[in-house]
Amino acid sequence: MLKREMNIADYDAELWQAMEQEKVRQEEHIELIASENYTSPRVMQAQGSQLTNKYAEGYPGKRYYGGCEYVDIVEQLAIDRAKELFGADYANVQPHSGSQANFAVYTALLQPGDTVLGMNLAQGGHLTHGSPVNFSGKLYNIIPYGIDESGKIDYEDMAKQAKEHKPKMIIGGFSAYSGIVDWAKMREIADSIGAYLFVDMAHVAGLIAAGVYPNPVPHAHVVTTTTHKTLAGPRGGLILAKGGSEELYKKLNSAVFPSAQGGPLMHVIAAKAVALKEAMEPEFKTYQQQVAKNAKAMVEVFLNRGYKVVSGGTENHLFLLDLVDKNLTGKEADAALGRANITVNKNSVPNDPKSPFVTSGIRIGSPAVTRRGFKEAEVKELAGWMCDILDNINDEAVIERVKGKVLDICARFPVYA
């Protein structure tokens, strides 16, 4: 018999110490990595539930194992909420990650060797959109599209590439692009050559759910997302579609199970259901509106302090600082800010002269700081501290002074009260 009072602290002190240290790190550091966020205690409650014990290969009502009557309810709730939230008529909530969801879409729609048009990783795309080190770049013929001199997606070049190479699929979406994507324009380009339009909205799903960013679901043949990032749920993936055929939906389901995965993670699917319900609440819309406001407020400070922001601003939750003119590398900036308990990630910028392991920029996102209660006043102050460090990157006294301010503001705005 298993006793409910069993705990990690008494059994595995070494592991528990690391877990506790991570808890402290999250409370005492300001998180500005654009893909990170803080999930709710309700989501964590679902992830730590007895649902983790249940195998449920298949889909609701069509399982290979018995005893699935209650996990069927859980998964159907997640499916229905995903469809309602994003205006879809198909949803698959089983992918273990965004990359797994993307893999399933490739599997359902393409054959190895097919041509795909995807955003250049060096100009804002994602590994799974055709990077040569990823399955997408290894299995498919990838043609990259990019941005113009203003830092915006070059739709004219995209259309030209599509006409020339006749890809079977065009991918929309990004990991480091601060603009609004014209989904309708992308669908027009896809339709002109008879290609699928597949959108990976992982970074902006929360903004889309709140109506702060345009929804690709009405325009794309298939859409994927993660359920964390701006959506603030558990780590996992999701596939959506609207107006497609039952044949397409069957292909997508089969590409997830049994092609890519076995049993779904029912405790994570329950957590997805919780997060999707939370995303329907009025306060979630208020939160996402503040995410966008905070990103713009930070950009304003950096521009006023003489820093170059790729594309000159942001229309979502993230932006890139181009440090070439400051003679700084992203690696140096990342490390110096980290010593002040400010967490960012080094990131390549357009026409970056440095390697991806060094880079000439950093990516900054506002979802996590907004989640802990920061508004314009706080993020402007924060951006100013960051400029102080970047202006004096080798001055440890400046870094220590900023670190003290970071610890103070983190204490005033705890992640979990």
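Along the chain as shown, residues are numbered 1 onward.
Here the Cβ of each residue, glycine as well, is placed from N, Cα and C on the backbone.
Per Swiss-Prot, the features are as follows:
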- Leu121, Gly125, His126, Leu127, Ser355, Pro356, Phe357: (6S)-5,6,7,8-tetrahydrofolate binding site (BINDING)
- His228: site 'Plays an important role in substrate specificity' (SITE)
- Lys229: N6-(pyridoxal phosphate)lysine (MOD_RES)
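Annotated features taken from Swiss-Prot, shown on the structure.
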residue	record	Cβ contacts under 8 Å, 6 or more apart
Leu121	(6S)-5,6,7,8-tetrahydrofolate binding site	Leu127, His129, Gly130, Ser131, Pro144, Ser175, Ser348
Gly125	(6S)-5,6,7,8-tetrahydrofolate binding site	Gly118, Met119, Ser131, Pro144, Ile171, Gly173, Phe174, Ser175
His126	(6S)-5,6,7,8-tetrahydrofolate binding site	Met119, Gly173, Phe174, Ser175, Asp200, Ala202
His228	site 'Plays an important role in substrate specificity'	Ser35, Glu36, Asn37, Thr39, Pro234, Arg235, Gly236
Lys229	N6-(pyridoxal phosphate)lysine	Ala34, Ser35, Glu36, Asn37, Ala202, His203, Ala205, Gly206, Pro367
Ser355	(6S)-5,6,7,8-tetrahydrofolate binding site	none
Pro356	(6S)-5,6,7,8-tetrahydrofolate binding site	Ala122, Ser348
Phe357	(6S)-5,6,7,8-tetrahydrofolate binding site	Lys331
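Counting every protein chain shown, 16 other Cβ atoms lie within 10 Å of the Cβ of Leu127 ((6S)-5,6,7,8-tetrahydrofolate binding site). As a whole number, the greatest separation of Cα atoms within the (6S)-5,6,7,8-tetrahydrofolate-binding residue list Leu121, Gly125, His126, Leu127, Ser355, Pro356, Phe357 is 16 Å.
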